[in-house]
Amino acid sequence: MKRKPCSVVPPTEDHDEKPNLFKRKDDETTSKAGFFSSSKQILTLCLVFRMVNSLLVQTYFNPDEHWQALEVAHRIAFGYGHLTWEWSKGIRSYLHPMMFVPLYKFLSFFGLDAPWFMIRAPRLLQSVISSVGDFYLYKLAHRIFGERVAQWTLFSQLVNWFTFFCFTRTLSNNLETVLTLVGLYYWPSFRHSSKHFLLASRKWGLVIAALACAVRPTSAITWLYVGLLELFETKDQIKFIFLEIAPIGLLVLGFTCLVDWLMYGSWIFVPVNFLKFNFLSSGGDYYGTHKWHWYFTQGFTVMLFTFIPFTIAGVFQSRQWKLFGLMAWVLGLYSVLGHKEFRFVMPVLPIALMFSGYSLASLQDTVSNDINRKISSDLRNKCPSRMQFGLFFLLVTNLPMALYMSLVHQGIFSIYICFIFSLILTFKFARQRGSEDVMNFLSHEALEDRVKSVLFLTPCHATPYYSTLHRNLPMRFLDCSPSESRETLDESDRFMIDPVGFLSDMVKGWAVPSHIVLFDSQEKQLKEFLISHSFIEIKRFFHAHFKVDRELQGSIVAYTLTSQ
């Protein structure tokens with residue numbers, strides 16, 4: 001019996017899509033076999049996997065994970081915590097940090113606000129949210145391509161090293177990614193249902209899209225593309241704009257402004273402030289710029305890693321040009337901006353992995369014992385090895401990478417070190433765990449009342465802060481807020497240029513801290529100075545094998561005052 005072809009959108013609307021070879025008619029009418037027999041089991045798999053994933057992530061990736069989310073939530077919940085300069089400029093919304101406030105209140109109410117829970121609980125909460133994203137990616141792939149592609153898409157999502165490394169971190173980009181996947185699932189272009197159901201689905205998609213833009217204003221880049229496609233395809237354009245986009249957008253915008261008004265104490269229009277700072281004045285460039293091609297030659301390619309050939313193959317095999325266009329659109333527009341980061345393009349990584357899932361399903365199809373195909377015995381014997389090699393290749397390259405970047409663990413993974421380190425050296429992406437470990441140590445010390453105050457002689461925002469320490473003690477770090485003049489050096493830069501001179505000036509008027517935290521690269525120059533001022537090393541933590549942004553910071557050291 002010949003398979004029934006199925007395209008992403010009804011053929012009457014779009015004739016250039018390739019018939020879907022993997023979405024069979026019985027995908028929707030017959031029960032699935034094995035573990036994928038119910039949505040509940042798939043969601044459970046995603047949830048358990050991400051929770052374990054969150055417990056394994058013990059490295060420091062991006063300051064925003066702590067400083068723009070947990071630090072803000074901690075301040076709301078407990079009354080103390082540091083707000084960075086972005087909050088005084090009104091370019092951050094409280095919508096995302098507010099998500100963690102009930103969690104902190106819960107921990108405090110039940111007396112669970114101990115160091116382990118304060119460190120792990122937020123990522124466990126994020127793992128629950130991320131598992132919803134995994135689940136909806138599976139559903140989206142199933143809706144477009146069918147059951148087998150959906151299974152391999154989920155495999156790609158769970159195995160990909162960068163998703164493992166990043167997706168359970170408390171970054172607003174991860175919430176944006178989840179909302180994007182849920183919104184795309186409900187978007188009409190990817191559904192085959194009655195007109196009434198499509199209209200209801202589109203409204204849900206718009207609500208979720210509006211929330212994504214409220215959390216991350218740059219999410220508008222994604223939804224502008226998707227919305228324009230819908231606008232060109234729909235017959236009720238006036239209704240779509242004035243009866244759906246406008247009221248839903250205004251409702252979500254009003255809710256966001258209300259939350260920010262309550263927290264800021266005045267009316268702050270965050271999207272406009274965000275747009276002015278990041279796009280019109282290129283404020284983000286203060287923290288570094290990259291070449292226009294960075295996402296294509298380094299950023300996104302590192303995120304995909306060994307999934308690249310499978311993704312490229314899946315694009316051409318599926319001929320899903322709308323999805324590919326979304327990926328290209330997002331990467332292209334972000335490439336125009338000077339300041340680039342891996343996390344900015346996180347929302348399109350699952351889409352790339354969906355194409356990888358299509359390619360893997362194609363490999364599986366080649367070796368399947370489908371009674372409707374006539375395959376020679378020679379080909380049947382050769383193809384399974386291709387499939388097995390592909391899976392082995394993905395697992396052996398991504399799993400060690402994921403564990404190394406999350407744990408910085410050597411041991412049994414030493415056989416992969418040369419291969420992995422070559423990639424790290426090339427892209428300077430070795431990530432650090434010392435930042436997390438030193439704050440974990442200080443939080444336990446503070447619990448025993450052995451910490452009175454802390455001075456961080458590190459690049460600004462190099463460690464977590466009050467959200468991990470969870471004690472209302474005086475702390476000080478080197479400021480790196482943008483100045484009016486690009487030529488003016490901030491404290492962090494001045495310290496890096498002349499650590500001894502900077503600290504000599506600082507001690508003239510300082511309140512002597514009980515603890516000082518610094519990297520070994522600066523310790524070499526400051527050790528005599530610290531000893532002469534009655535400081536001794538109390539604990540040293542491994543940080544990284546290779547340099548990332550500056551010189552090698554192999555370890556991070558905590559010093560304590562002996563005369564306290």
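Placement of Cβ uses the backbone N, Cα and C atoms for every residue, glycine included.
Heads up, TrEMBL stuff is auto-annotated, nobody curated it.
The region 'Disordered' feature in TrEMBL is assigned to 1-23.
For 12-23, the entry in TrEMBL reads compositional bias 'Basic and acidic residues'.
The transmembrane segment annotation in TrEMBL covers 158-186 (among others).
Feature annotation from TrEMBL assigns transmembrane segment to 206-228 (among others).
Annotated transmembrane segment per TrEMBL: 240-264 (among others), in sequence order.
If one looks beyond the transmembrane segment (292-316) by at least 6 residues along the same chain, the residues whose Cβ comes under 8 Å of a Cβ in the stretch are 156, 160-162, 324, 331, 334-336, 340-342, 345-346, 348-349, 352-360, 362, 390, 393-394, 397-398, 401, 423, 427, 429. Annotated transmembrane segment per TrEMBL: 292-316 (among others), in sequence order.
Residues or ranges marked as transmembrane segment in TrEMBL: 323-338 (among others).
Below 8 angstroms of C-beta separation, residues 21-22, 133, 137, 140-141, 144-145, 148-157, 160, 162-163, 166-167, 171, 173-174, 176-177, 180-181, 218-219, 222, 295, 299-300, 303-304, 307, 310-315, 317-318, 320, 323-324, 326-327, 330-331, 334, 383, 386-387, 390-391 of the same chain, each at least six residues beyond the ends of the transmembrane segment (344-363), sit close to that stretch. The annotation transmembrane segment is assigned in TrEMBL to 344-363 (among others).
Taken from TrEMBL, the feature transmembrane segment applies to 389-407 (among others).
What TrEMBL records for 413-430 (among others) is transmembrane segment.
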Within-chain partners of the transmembrane segment (240-264) [C-beta distance under 8 Å, separation at least 6 from its ends]: 76, 90, 93-95, 98, 202-203, 206-207, 210-211, 213-214, 227, 230-231, 234, 270-271
Close approaches to the transmembrane segment (323-338) from elsewhere in its chain (Cβ under 8 angstroms; 6 or more beyond its ends): 8, 144, 221-222, 225-226, 278-279, 282, 284-285, 289-290, 292-296, 300, 315, 344-345, 347-348, 351-352, 354-355
